[in-house]
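Engineer: Residues or ranges marked as domain 'CobB/CobQ-like glutamine amidotransferase' in TrEMBL: 7-201. Annotated active site, nucleophile per TrEMBL: 95, in sequence order. Look at TrEMBL and you will find 130 tagged as substrate binding site. Residues or ranges marked as active site by TrEMBL: 194.
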Ligand code: GLN
């Protein structure tokens, strides 16, 4: 392979309830077609996240119990994660991971689970209710339509500097009120889509890989990789 990238799979052994690992398999599937070897490391409890060692990160979803464990540990990784994100490092955070990159998540039992405030959103709890089902959104800027499946108790409200990943066409999205789903901040994408999001929306996987490649190899020509055709899989 001509290029190599390294991905940090944050707490891949704890936040893995919803098959989100399919996102890493999808990244590897497209990476191979782009002439890129993509190595993934699980970075979990008591292990450092080194912003200079990784080219992209993935942070999946899970249950409130695991999120509480991760909430305590991730405070030690906070500074390096913020450094990576502020420096334009690409990442994808789904559901529980999305909530933990923000300020906090009030869990289903009312407990406040601290995030790392890398992104300014916060997440409250619905009263004995979850948003579950198929969802379709559209990003008005890129005109991209995303298809997925949501399953969350949390209701998230975006803050300054964040834009939604898309506007809800069908389904509930971040909070069922403001019509937004997910978040984009710098080169980090957040979403409530399980299913997993990249398997059904390959364009997003391609974008993440291109961002990581251009950041790691600033003088290389990636026009061949940019031309890779992504066939719809939904
Ligand atoms: N436990 C969180 C919630 O219910 C996250 C769930 C998830 O990752 N799907 O909102």
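Glycine residues also receive a Cβ, built from the backbone N, Cα and C atoms like all the rest.
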Engineer: Taking the Cα atoms as reference points, how far is residue 130 (substrate binding site) from residue 194 (active site) in Å?
Structural biologist: 14
Engineer: Within 10 Å of the Cβ of the residue listed as 'active site, nucleophile', how many other Cβ atoms can you find? Include all protein chains, please.
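Structural biologist: A 10 Å sphere around the Cβ of the residue listed as 'active site, nucleophile' contains 29 other Cβ atoms.
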Engineer: Which of 130, 194 (the recorded positions) has the most other Cβ atoms within 10 Å?
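Structural biologist: Output for this query is 194.
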Engineer: Averaging the per-residue pLDDT over the domain 'CobB/CobQ-like glutamine amidotransferase' (7-201), what integer do you get?
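Structural biologist: Summarising the domain 'CobB/CobQ-like glutamine amidotransferase' (7-201) by its mean pLDDT gives 96.
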Engineer: Could you tell me which three-state DSSP class residue 130 (substrate binding site) falls into?
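Structural biologist: Its secondary structure by DSSP: coil.
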Engineer: Between residue 194 (active site) and residue 95 (active site, nucleophile), what is the CA-CA distance rounded to a whole number of Å?
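Structural biologist: That separation, Cα to Cα, works out to 8 Å.
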Engineer: Which three-state DSSP class does residue 95 (active site, nucleophile) fall into?
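Structural biologist: DSSP assigns residue 95 (active site, nucleophile) to coil.
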